[in-house]
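The following features are taken from TrEMBL:
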COMPBIAS  13-22  compositional bias 'Polar residues'
COMPBIAS  768-783  compositional bias 'Polar residues'
DOMAIN    29-130  domain 'Ig-like'
DOMAIN    137-235  domain 'Ig-like'
DOMAIN    244-328  domain 'Ig-like'
DOMAIN    343-437  domain 'Ig-like'
DOMAIN    445-538  domain 'Ig-like'
DOMAIN    544-631  domain 'Ig-like'
DOMAIN    643-743  domain 'Fibronectin type-III'
DOMAIN    743-919  domain 'MAM'
REGION    1-29  region 'Disordered'
REGION    768-792  region 'Disordered'
Amino acid sequence: MLSTCPLARHLTPNHSTGSSQYPADKDPPANAQIVHSGAACNVKDDNISERIYTIKEGDTLVLQCIVKGHPRPQVRWTKTAGSASDKFQETSIYNETLRIEGIQRVQGGRYYCKADNGVGVAAIKSIRVDVQYLDTPVLTVHQTISDVRGSYYQEKTVFLRCTVNSNPPARFIWKRGSMLIEQSKDNGVDIYEPLYTQGETKVLKLKNLRPKDFADYTCQVSVRNVCNIEDKSVTFRLTNATTPPMIRLSVNDTVVVDPGQDVLLTCEVTAGFPLPTVTWSRYPGPLPLSAQVRGPTLILRAVTPADAGFYNCSAVNNVGNPARKNVNLVVRTMGNLTFQITPDSNKDSETIQMGRDLKLSCHVDATPQDKVNYTWYKNGAPVFNSDSLILLRSDPDMAPGTSSLEIVDMKFRDLATYSCVANFPGSRVPELRVDVNISQNSVSPPVLSVPSGGQMVIVRERGNAELVCLVVDGKPRPPILWSRTEKDLLMPSGQTVVETPDGRLRLRNVSRDMMGTYRCQTAPYNGLNIKRREAQVQLNVQYPPILDPVFQDMRSRNYQMVTLRCTVLRSNPARLTDIRWFRNGDFIRMPMPDLKETPELKFKLEPTNNGSYECRVSNTAGTSTCTFNVSAQPYNAEFYFDTPNPVRILKGNNYSYNLQWTQRDPEATDRIIGYWINIRKNKQNLLSKLINLKGKEPEKGVLISHTISDLRIPLSYEVQLAPITTYSTGEYVTRIIQYSEHHVCGFEDERICGFSQDRSDIFDWTRQNHLTQNPKRSPNTGPETDRSGTREGYYMYIEASRPRVQGDKARLLSPLFNGTSVRGPKGSGRVPYCVSFYYHMKGKHIGTLNVLLRVRSIASVDSVIWTKSGHQGPDWKKAFFDISPSGPFQIVFEGVRGSGFEGDIAIDDVSITLGKCKQENTVASGISSMQLLGSEQ
């Protein structure tokens, strides 16, 4: 059987938008719902109708986003409202099922399922995941001693503080020994909750200690067995010897050592009962991998500079506050040693001149910087302070840790070789030395120059480049510092400044983002400390043309003109050198195109010239390509996955499946005359046949239906489908069809089989099972379980309690059935359908359950086809009847509230199937559909 029908007639009414119709030339947008499986403790709605999924920490979270829409939507999961340390929101998951093994508390929060198929606005649903946990409590003891005025004794008060992290909030129980402590029965205790504490805390205050107060105290916490989380407890023995910890270190607060030395740090416990536990930690970072902890002693073998930091010793016995001591471990290091020659700054001089002052400076990068010792030598002899030579241990005009030697009123005797030696006194760290020759010919200002032709460096992308900036004159010659002239741009290495000793900046694998102006400057060290010399070099990175489109799939009818256009977005150099067109790799001979115009190819599409077309555009840096797949082959069919009740039971343990699809852009190519369909099982073809459209062309957004018969229950099958035109066959698309009994709706899924709430009624039907019932509900109305008698099974019901009043109505709408898409019996213009369902009407205030037939035409018309009022007993009962609608229709279940709160009405296992009802020990009445009709069991 083959039929085509407007897609709107097969859409589930969308309660959230109030619309159930879509234009025939448009696909339905995505729709999403979240259902759960896995280890949920409870799932409920809060006061803003948001789903709350409760789960125990460490269990497996499984959320499934059930989507509808055509084409099939893509699903993406994201998360918010969790811990700031949780990064799930930055790593979206593209899958209909979200599974988290061993969920942790930081992974609780609001999870969003977003379904998008490119049609309309994306559908977004959320569910809040509440992770339940209970940690082991921590019990600490604090005591105070105060003088009591007018007396000759001291009052000793002890506070036992019990803290725990839990969700939901924990309940606390205090015990002395095995006896429960009740504040109302013991004047010597207070139990209270302090303010401004982290976690949940309860304090047991023992006032003016009595002999019986020296005992074992237990703090027991409970979350009332939610998610089967057992109670936890902690016990502390209070004695008259209970004291807080005290410690002392075996070393000073700061320890400075050479690399390679062993370090022993001992944290001695001097007081505390019970015996405190000592732990070592480090900041920043963890303890080194080579660290050894032996009781209170921390051993660091052969330390390196990476082992430096603050080492923390803590002693804890849960009495008072922990005792803490810190040691700052410094490992000596000595790095780059530089010098500066500063002419007389008061005279703005850039050269050495007799009779003027001269400063020599020396700096080493070291740790600790303030422990470096500098020694100056003149021609190998130590320099001491004099009227003409002034030593500055730390020059205030230079960077911290810089030593200077000032030569006052320079004379010929001062021309010499000066040496600066840096070392750590008493250390094995090697000393560093730098020599500076001061003579009239050895010091002169630098001259910076860019070689001829080097102001502009041209390089092809992914090649190597060298930028050159040379000191062609001057003594001593300083290193060259490179940076970008554009503000906030870093060097390719990621640094702000790069030093080159020879002035050559070498760049490898150059990319276009490196293009720009580079600044070279003389360094202020290892030479004269004068105004910097500066130059610039331009880097020009050439790259092939950037084209649009890179790839385009073009479909057209045969014997129509096709235009291919390849747009040049950017190119360096901008001048193009060649444009060539190819078909299936063969060069197309044509007049040389204008290199200043957008490349374009026009031709008439024929069965012989379908194929892959390439436009290759070149400049001196290379060639880029636009690729066009030009074809008269039809686009793929797109399966429709939301067909209501596609399965129908046949005789002989067989079933049929109503396969539905739409054709993507059917007018883009030659007329589609039919479809090839293959039915496969275990990768073997069971059936291949042609679906003949018999001259009726597919329309955009209109469903095509084909019934596949003689399928075996309960097997599933692979279906392949491809459109056919006069000249070609499209590509096959594949889907799996499965046998299911969803033609009977038991409301087990949150999608409730495509049923929806009527927006024009007073209140809504509610989906419920035994496990989600309100424990405070009235026992005299409503079902205990679903129709099958299982506690997990769901049903739909109306809640008669407040704020409902007599006469309030709730309507539940079935999916829209296209009654005109199937031809009826010969001589009849209408097709029969069987409607069956179970109902439960128990209670002294039961109102009315009406079943209406809503026929869609120019205006919707509702007709009552079944009704029942008043108490009908404690059991589920079945009703069924035939209808013969005159057009597209819906079945409406209308619940009417009775005179009181004991009036809950429920329905379950609703079935609307094609064909007349099979008589089940009862003969159905033959009343017309405009009258009351039906049968019951």
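Numbering starts at 1 and runs along the chain as displayed.
In case you wondered, yes, glycine gets a Cβ from its N, Cα and C as well.
All TrEMBL annotations are machine predictions without curation.
Tertiary neighbourhood of the compositional bias 'Polar residues' (768-783): same-chain residues 43-44, 791-797, 800-801, 840, 842-846, 876, 901-904, 906, selected by CB-CB distance under 8 Å and a gap of 6+ residues from either end. Mapped onto DSSP classes, the domain 'Ig-like' (343-437) shows 9 helix, 43 strand, 43 coil. Here the listed stretches are 137-235, 244-328, 343-437, 544-631, 643-743, and the one with the most C-beta pairs under 8 angstroms to the domain 'Ig-like' (445-538) is 343-437. This prediction places the mean pLDDT of the domain 'Ig-like' (343-437) at 93. Here the domain 'Ig-like' (445-538) has, by DSSP, the following mix of helix, strand and coil residues: 3 helix, 46 strand, 45 coil. Counting residue by residue with DSSP, the domain 'Ig-like' (544-631) contains 0 helix, 53 strand, 35 coil. According to DSSP, the secondary structure content of the region 'Disordered' (768-792) in residues is 3 helix, 1 strand, 21 coil.
Note on the domain 'Fibronectin type-III' (643-743): DSSP counts are 3 helix, 58 strand, 40 coil.
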